[in-house]
Structures are given as C-alpha cells and as structure tokens.
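So TrEMBL has the following annotated:
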| type | residues | note |
| --- | --- | --- |
| SIGNAL | 1-20 | signal peptide |
| DOMAIN | 79-447 | domain 'Peptidase A1' |
| ACT_SITE | ASP97 | active site |
| ACT_SITE | ASP322 | active site |
Amino acid sequence: MASFLFFLSIISLLFPFISSSNSSTTIPLSFLNTNTNQDFYQKLTHLASFSLARAHHIKNPQDSSISNIPLYPHSYGGYSITLPFGTPPQKIPFVMDTGSSFVWFPCTKKYQCSKCPVSTQKNPTFIPRLSSSARVIGCLNPKCSWIHPKNSPKSLCHDCESRNRTNCKHACPPYMILYGSGSTAGIGLVETLNLPNKKIPNFLVGCSLLSSQQPAGIAGFGRGMSSLPNQLGAKKLSYCLVSHMFDDIPKSSMLVLDTVYEKSKTLTRTPLLKSPFVVGRNALAGYYYVGLRKITVGEQIVKVPYQYLAPNSKGNGGTIVDSGTTFTFLNHDIFVPVMNAFVNQVKGFSRTEKIERLTNLRPCFNVSGHKIVSLPEMKFHFQGGSEMVLPLANYFSVVGENDVICLTMVSDSRLELSTGPSIILGNFQMQNFFVEFDLKNDMFGFRHQVCK
C-alpha cells in the first residue's frame with residue numbers, strides 16, 4: 001500500500017497539465033449495461049451478487065482517503081449520466097450514485113482498469129492537459145479535507161514548514177476508494193463543470209489513474225461535502241428511473257437539481273432522518289436514511305424489528321435509499337419473514353430450488369403452463385404513515401423462458417452483514433417512481449408514474 005501511494009504521489013511529476021493549487025439543471029439519466037453477452041440467468045446472478053457486494057460496502061464502508069440531466073439505464077444494474085468537464089468541455093459518462101459523495105472520472109490516456117467489462121473500455125477518459133482550467137488541488141486547500149476527512153490540514157501538509165504554510169506548494173495526497181466490487185485511485189483536481197445553464201468553476205473531482213471493476217466514473221449524489229448536489233448548492237434532487245430491461249435500449253429520463261426551492265405537488269412524503277456520525281465510518285454520514293416501519297405482503301405484516309428502525313450510536317440499523325444498489329437488501333431477520341410471507345400465500349406453484357441456487361434469488365416459483373399468475377401485493381410503510389405500493393414488476397422478475405419467477409430482493413447470513421444499514425432500498429424497486437430528495441427540509445417524496 002505504501003509503495004502504491006508513493007507511486008500516486010509522484011504522478012504530478014509525470015504530466016504537464018498539473019499545477020498547484022439559473023436555478024434548475026436537467027441531466028439525462030439512463031440504465032447502464034456492461035454485460036451485453038450474458039444470458040438472462042447470468043445477468044440475474046450477476047445483479048444479485050453485485051447487490052450483495054454493494055451491501056457489504058454500504059454496511060461496512062472503508063474510509064478513504066437546478067439542473068436537468070439525462071439519466072440512462074444500463075444492464076449492469078445502475079443508471080448513468082453524462083457530464084461535461086473542462087475548458088473546452090469533455091463529455092464523460094458517470095454512474096449516478098446516491099450511496100456515495102465523491103465524484104471521479106477515468107483520467108489521462110494512461111488510465112488503467114483491471115477486470116473492467118470489455119464494453120466499457122471504449123468509454124472516454126478525461127485528458128487534463130487539454131483543459132485550460134484543470135488544476136491539482138494543494139494540501140492546504142479546504143477541499144483536500146473533503147477527500148481525506150479523517151486528516152487535519154497539519155497532518156496532510158507535514159512537509160510544509162509552519163512559518164511558510166501560506167506558500168506551501170504540495171499537492172493534496174492521492175486518494176484510494178474501495179467499493180463493494182472494486183476500487184479506484186488517483187489525485188484530486190479542481191475543474192470547471194459545464195452544466196446546460198451554468199458553469200461551476202473550481203469543482204472538486206477525482207482524476208483516477210487506476211481502477212478495478214469499475215464500469216465508469218462515479219458521480220456521488222450523497223450528503224457529503226464533495227457530492228455533486230452539495231457543490232452545486234442544490235435545494236432539491238429528483239429523478240425518475242426508467243424500467244430495467246437489462247439491455248441498452250437508448251431511452252432515458254431526467255435527473256433534476258434545483259438551486260431555488262419550490263415545493264413539489266402530488267408527492268407522498270416521509271422525513272429524511274439524520275445520518276449518524278461515527279468515528280472511522282465517515283461514509284455513513286453521506287447516506288439518505290428514511291424511516292421504514294413495516295412491510296406488508298398481501299395480508300401479512302412484517303414489522304421491522306426495533307433495533308433496525310434507526311441507526312444506533314455505532315451506525316448499525318436503519319434504512320437507506322441507494323441508487324447504486326440494484327436489488328433491495330434486507331437483513332436476515334427481515335428477509336426471512338418477507339420470503340416466508342410469499343411462500344405461505346403463493347398457492348398452486350412449486351418452488352424451484354435449482355433456479356434459486358443458480359441466481360442467488362429466493363423464493364422462485366415455477367409458473368409454466370399458467371397464463372395468469374396471482375401474487376400478493378407488496379407495500380413499504382414509512383414514518384408518518386406514507387405507503388409505497390410496489391408494482392409487481394418491481395419485486396418479481398421472470399427468469400428464463402417465462403416459466404419461473406423470482407423475488408428480486410437479497411439477503412446474506414445473519415452474522416456477515418449485521419453492521420451498517422439494515423435495509424438498502426435499491427433501484428430495481430424504484431423503477432417508474434418519481435423520487436425527490438428535499439435537501440432543504442429533509443424530506444423524501446415519491447409517486448408512481450411511467451418514467452420517460
């Protein structure tokens with residue numbers, strides 16, 4: 001690790017670009033595909049495994065160091081946006097992620113990504129030397145502490161003599177970020193973000209030089225200081241997720257960032273809860289927590305155990321909304337009663353354990369030969385009495401040639417994932433829902449609609 005970080009620290013010597021330190025924007029949002037050659041079984045297995053790996057990361061994060069934007073779906077399970085950075089602008093695709101707060105892009109012609117999908121290797125990388133506004137941030141720049149929240153400026157700039165601190169030319173130390181299924185590392189830049197209706201100078205963005213298993217750069221939309229909404233001063237964040245078809249059809253919806261507050265109408269709302277601050281687990285403070293009180297499956301009520309209702313002093317418990325997770329994760333003590341509620345109420349169909357083992361999804365039912373399949377309704381009940389009624393396509397998926405259906409939620413062993421958020425609401429369950437994060441009033445709003 002030390003040699004790796006030393007390598008990153010001298011990167012600034014290798015590239016000539018480096019030196020020392022309107023109210024609404026709409027961006028297209030689309031579904032992101034990186035597995036074009038997989039069959040449907042492989043895709044579901046990959047998405048279930050990805051969702052569990054993501055849950056491991058969300059629940060055990062490793063500390064590292066108004067605008068309308070098209071939002072596109074892709075078959076690896078996430079949604080992407082394209083943002084133009086630099087002078088002149090260079091358009092770069094990003095995964096839209098409400099479960100993290102840092103924004104980074106693949107950077108320089110020497111960018112390397114190990115175990116990255118072949119379909120993403122042609123994605124453009126940002127070339128800093130072609131931008132007149134790219135600057136490496138110094139270690140005394142306050143934004144350096146956004147990258148390294150555990151470190152004080154004094155510890156980051158230990159090579160600067162105290163009497164000459166104002167003239168310190170040292171760059172902010174490199175970052176390394178660990179995700180559930182990969183990692184990235186690089187150096188921090190300040191650069192101009194060119195939105196459709198405004199330019200944002202001195203925007204903190206990561207210039208990643210090395211990555212593992214990352215389909216694209218990541219645009220963090222969480223609650224942290226370095227997130228895209230926070231750097232824009234957004235009062236609201238809203239989007240509508242087009243449906244998952246696990247392909248790359250060119251359709252998108254809009255992600256909207258509002259810097260002037262205006263209350264939206266016809267939304268069901270529930271409070272955004274205060275995020276916990278836990279020493280050594282800074283990522284928890286960037287999550288969007290909501291108060292999920294119970295889940296109903298048909299006529300059966302599954303209450304969320306008291307210890308899971310809200311995060312405790314160690315940051316364990318509570319429910320978060322995460323656009324970067326595909327299938328909703330439920331802690332073992334919640335998932336098993338939900339699964340059993342379906343098993344007890346679904347009559348006339350046998351379970352297919354072979355498909356359950358193959359896809360890591362359960363329960364799965366054999367519905368071959370049936371033209372009509374009746375399944376229990378599923379609802380999420382939130383603090384304040386609000387209810388989210390899920391369309392059937394948001395919690396069951398057809399597997400194979402229309403002869404098997406599986407519940408699209410995941411869990412793991414009781415012991416492995418007992419820390420962190422107890423429930424992670426994924427994007428599959430939010431298909432065709434308009435959702436709004438009211439950042440001014442700390443409210444989460446939603447309504448069911450066809451997203452387009």
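Glycine is treated like the rest: Cβ placed from N, Cα and C.
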Just to be sure I understand the packing, how many Cβ atoms besides its own are within 10 Å of the Cβ of ASP97 (active site)?
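Within a 10 Å radius of the Cβ of ASP97 (active site) lie 24 other Cβ atoms.
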Write down the Cα-Cα distance for ASP97 (active site) and ASP322 (active site), rounded and given in Å.
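Cα of ASP322 (active site) to Cα of ASP97 (active site) measures 7 Å after rounding.
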At a 10 Å cut-off from the C-beta of ASP322 (active site), count the other C-beta atoms across all protein chains.
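ASP322 (active site) is surrounded by 26 other Cβ atoms within 10 Å.
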